[in-house]
Amino acid sequence: MQTYRNFVRRIIRNYLIGSITAVLLVGGTFIFTTLEIPDFELSVMLAIIIVSIFIMMVSEFYVLKKDLKKIKYAILKSQHLSNQETKLAYEQAHRFPYLTVRRILLPHLLGFSIPAGAISVVCIYLDILHISYQYVIYAYIGSVLVAIMHGLVEYYLTIEAIKPVLAKMRKNAKDNHEIKLSIEGNIFITIRKTLIASALVIGVSPVLLFTLAAQIRLEEVAPGIATAYWNWAGAIVVMSMLFASLAAWLFAKSIKDPISGLHDSMQKVQAGEFTVVAHDNYSNDFSKLIDGFNQMVESLQEKDAVNQQLLESFITTLAAALDARDPYTAGHSIRVAQTAVEIGEALGLEGEDLILLRKAGLLHDIGKIDVEDSVLLKDGKLTEEEFSKIKQHPILGVNILTQVKPQAEMEKILPGVRSHHERIDGKGYPDQLEGQNIPFFGRILAVADAFDAMTSNRPYRNAMPKERAYEIIRSGAGSQWDADCVAVFLKQHGKE
């Protein structure tokens, strides 16, 4: 409640100070110091200004109340809003500085200028005011310029005022809805447009306002030179606008370029590329920002390296724990992983893919941890029921690895673990996949696993001679094993 009250008080205070400055000080000075009219007519003009200010405030506060409605409910009645309503209110709060400018340029400006101009025209018509109708046009132009400058100031003041409100809305959303509010990188108004508009307003509006005031003053004291005045004043105004536009564009570019560069670098980091370096091409405050970004990336590199070491140790430990259950298969996982990497490298895999293939090789039999010792270590031929249990180990392995967090580190090797006992002819297990439907890692691991299994001692048989194993694998190419994987494997061992 207090946050909302403080916010409303602050924007009203900012508005009143800005309006008084814009309407009474700037506008009043513009009118009362450039026109030479009797005191009675000055009093009439002051009365017109006061009436117009009242109409302006009524119309503007009506729009303000409407703009604040969603924000008010999101702070005071957050628990009664849906998640979607909460998100819409948060977006409304982010748009509020822009809405403030719109409010000043529409109900604020029109609420003042239309009644002021209309009453002034009536007073001129009734001979209450003895000024030219063209001064009403000058007043309209001056009102637009003053409103634009007022809107610029209010925009930046509102950006500061809305920050506590945004923080409160995020807290309410987390406490009452268990959601994290974010505009997710959406841009309601670009910094380029903001900077260009700001520079143009700062550079051009005061010049135009001064030029207009000088025109009115000249018509009062020296009517004959008013036309000649615009011959050089117009050139100065045009030059000012061109210079302000160029300066605004260059200024916006000097801000946008480093921001865009950092944004591109951050997207690469978000995608997991921790070798990104933001180039320090700036000697202003962006130098600190870029240096901080590079230090952050270096820290992420170090943490990623540690995480990879931990994951590698975890995988190696799991494989060693599995091999330790059966002295006959000691080192099996490591040998399968090494052979698989050799096959994969020959088939064109590189970098991250080879790392993943090695991990899949180390963990391909991890599901056997869930198989009873009486079955896994049986000294003799397995029964049909026991063999059915053994055939479940690829699925059991996937179930085990699915529990490892973060899941992203494991999900890429799961297909290889699940499919390393599939056959090209579809007679494998657990899914009876055929041909190219078998994941690539699974086809590679099938060859590596079969060769090591045949050439290792088992409780129920001695190791097969390697020459015999080569022959079996050669004869099974295209039916049991992938022909390309077999060809590469045999070539590596000089058995083409």
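Using the three backbone atoms N, Cα and C, a Cβ is placed for every residue, glycine included.
Features as listed in TrEMBL:
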- 253-305: domain 'HAMP' (DOMAIN)
- 307-496: domain 'HD-GYP' (DOMAIN)
- 329-454: domain 'HD' (DOMAIN)
- 12-32: transmembrane segment (TRANSMEM)
- 44-64: transmembrane segment (TRANSMEM)
- 109-131: transmembrane segment (TRANSMEM)
- 137-159: transmembrane segment (TRANSMEM)
- 195-216: transmembrane segment (TRANSMEM)
- 228-252: transmembrane segment (TRANSMEM)
- Task: Would you mind listing the long-range same-chain contacts of the transmembrane segment (137-159), meaning Cβ under 8 Å and 6+ residues beyond its ends?
- Result: 11, 14-15, 18-19, 21-23, 26-27, 30-31, 96-98, 100-101, 104-105, 108-109, 112-113, 116-117, 120, 197-198, 201-202, 205-206, 208-209, 212-213, 215-216
- Item | Cβ contacts under 8 Å made by the transmembrane segment (228-252) with residues that lie 6+ beyond its boundaries | 191-192, 195-200, 202-204, 207-208, 211, 214-215, 218
- Query: Which whole number is the mean pLDDT over the domain 'HD' (329-454)?
  - Reply: 87
- Note on the structure: Its residues classified by DSSP, the domain 'HD' (329-454) shows 82 helix, 0 strand, 44 coil
